[in-house]
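Undergrad: Let me give you the structure first, and then I'll get to my questions.
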Amino acid sequence: MKYLGICLLLADLLCQWLVQAEFFTSIGQMTDLIYKERDLVQSLKEYIREEEGRLEKIRSWASQIEDLTSKSSLDPEGFLAHPVNAYKLVKRLNTDWLSLENLVLQDSTKGFIANLTFQREFFPSDEDETGAAKALMRLQDTYKLDPDVIAKGILPGTKYVSSLSVDDCFGMGKIAYHESDHYHTVLWMQEALKLLDEGEKSATISKVDVLDYLSYTVFQLGDIQRAVELTRKLLAMDPNHDRAGTNLKYFEKMLEREKTEEKINKTSDTEPHKSRPDVYTRPQDYLPERETYEALCRGEGV
């Protein structure tokens, strides 16, 4: 028994060491990405400086020509009576405007694009982004965190506060959707919708985009009543949304069928299905040990 205890202790220490080694390897790789992004920002700022300098030259030249043409157009004949003015007009149109054209067409992006193209080889892929999102969802499940808590970025044990935008939450929901993870899709689409309702101005996606995913996903979870409600809300915002119109007809047909079946089974002991908006149960995991593992991570039990 004594030896068994020692073996278990060594196994536990080995497990911790392996996890820690993997963690630090990951942190090392992510640190490289931070420095690469910092270099890209510096390259971008250099491009902006060059572009601003070029635009300032164009702006200055345009201002000078505007002053000149405003005077010459008031008395064209008198203006051209001066031979120097006649010469300078010919010269401007033959030479100076050509120089301006070359300045306008000057490509000041070469340095930045070259650097970006080189660095892109080391960028994460779509697969990496999906993996990072799924890791965040695992953290969400393990510690039973609401999407709102994660979106606000105030997490225990972290040094910094880093919030998620509407677009970020929508991206999380899309990744879950493409993984056929309807449970997390609904959670993150609802969070995106909530942030939109709160008035976030920087979002590039609309409520129609979110409702399109959310309505179909709650249908997949069996909440037909709410799928109908969300689809009607979508169509109120965008009456010409073809897919939503087709979906609504199908959802309403399924809802009528469900109500008919409930009437038939009304006398049975089984209670009819009741929709609980915004509340869905996490699906059963294929690994029965996962709940125990998550409880241990939360510090519950020995």
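Each Cβ is built from the backbone N, Cα and C atoms, and glycine gets one as well.
Automatic, uncurated: that is what TrEMBL annotation is.
I grabbed these lines from TrEMBL:
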SIGNAL    1-21  signal peptide
DOMAIN    26-157  domain 'Prolyl 4-hydroxylase N-terminal'
DOMAIN    166-256  domain 'Prolyl 4-hydroxylase peptide-substrate-binding'
REPEAT    208-241  repeat 'TPR'
REGION    260-285  region 'Disordered'
COMPBIAS  260-279  compositional bias 'Basic and acidic residues'
Undergrad: What are the helix, strand and coil residue counts for the domain 'Prolyl 4-hydroxylase peptide-substrate-binding' (166-256) according to DSSP?
TA: 72 helix, 0 strand, 19 coil
Undergrad: When DSSP states are grouped into helix, strand and coil, how many residues of the domain 'Prolyl 4-hydroxylase N-terminal' (26-157) land in each?
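TA: Looking at the domain 'Prolyl 4-hydroxylase N-terminal' (26-157) with DSSP, the answer is 109 helix, 0 strand, 23 coil.
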Undergrad: For the domain 'Prolyl 4-hydroxylase N-terminal' (26-157), what's the mean pLDDT in this predicted model?
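TA: The predicted confidence over the domain 'Prolyl 4-hydroxylase N-terminal' (26-157), as a mean pLDDT, is 88.
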